[in-house]
Amino acid sequence: MIILSIETSCDETSASVTQDGKKVISNIVFSQIKEHSLNGGVIPELASREHLKNITLVLEKSLKEANIQPQEIDLVAFTQGPGLIGSLLVGINCALVFGYIYKKPVLGVNHLLGHIYAAQIENEIEFPSLVLIISGGHTELLALENYLQIKKLGFTCDDAVGEAYDKVSRILGFGYPGGPIIDELAQKGKDIFNFVRPYLKNDNFNFSFSGLKSSIFNLVSKNNFNLQEKINICSSFQSSVIDVLVEKTKRVLKKYSFKQLIITGGVAANYSLRKRFLSEFSQLKVIIPSLKYCGDQAAMIGIAAYYQFKYQLKFNQNYHWEGKPNLSF
């Protein structure tokens, strides 16, 4: 089955052609980082306009690189949510028009399911698997019990981990996006600030990062730190975040049995985090997608769509789909 997929949930415009839930034939991603870095974060209205400007070009380039004609497509998949509603609608309408013109079935996919199935591209997912999704908008621990059977075990009560990175980077004056900036600087710093490890006193598997962010804001507001001291803050902040993610994951594994641990989402591209998880959980098969499949891109939507189309008992078979910005499991 050849699937054309479109991803526009936030600030990446992406189109991909995949085959049989495994092979990535093309995967074109147009990033808006340059546009949003000027504002220190994603501006929803600007993101929507950029998607409108680039979606046709990205779609055409994806088909051309795959050497696939529209008539050869078996299914058109798109991100239905969660995400920014304006951004979602650009991708949804593009997919619906394409499907209608070429008489192809269309299928809306949960963006988070896409992140999970990014792990399938270069590996084989086994069930049950424990999944940690860490991105700019989500921090969740999930039990993947079967292809589409997912149980939420833990979630963030406030800021997602990627959001915390962006805000701390902005507090320190290092810009956007905060994830890669702080990760790089943290490796040049010393972990000398004893920041709180939030929510570790709680017995549940949930997360909270707003308090950590606030403590850094208060610290920076009261002191005139030099560059090296700010770099040290990056190191201590990152150590705190990774400690919490590792400890919460360990708690789940003490209570439940899983065949694999899947770490996915944009923050899974973090060098220190990847290294730490591979070291801490060496007794378990740990799957972390390649860097190119950690962030938002349409290949993961196409892979997820294959299994959703194959195993979902029923779904909307017409061309009337709506965006769901708060879609969850």
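Just so you know, glycine gets a Cβ as well, placed from its N, Cα and C.
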One of Asn27, Asn39, Asn270 listed by Swiss-Prot as binding substrate at the site of Ile133, Ile134, Ser135, Gly136, Gly137, Asp166, Gly179, Asp183: Asn270
Rounded Cα separation (Å) that holds between Gly137 (substrate binding site) and Asp296 (Fe cation binding site): 11
Shortest C-alpha distance to Gly179 (substrate binding site) - which of the binding-site residues His111, His115, Asp296: Asp296
Pairwise CA distance, Asn270 (substrate binding site) versus His111 (Fe cation binding site), rounded so that it is a whole Å: 20
Number of Cβ atoms other than its own within 10 Å, given for Gly179 (substrate binding site): 25
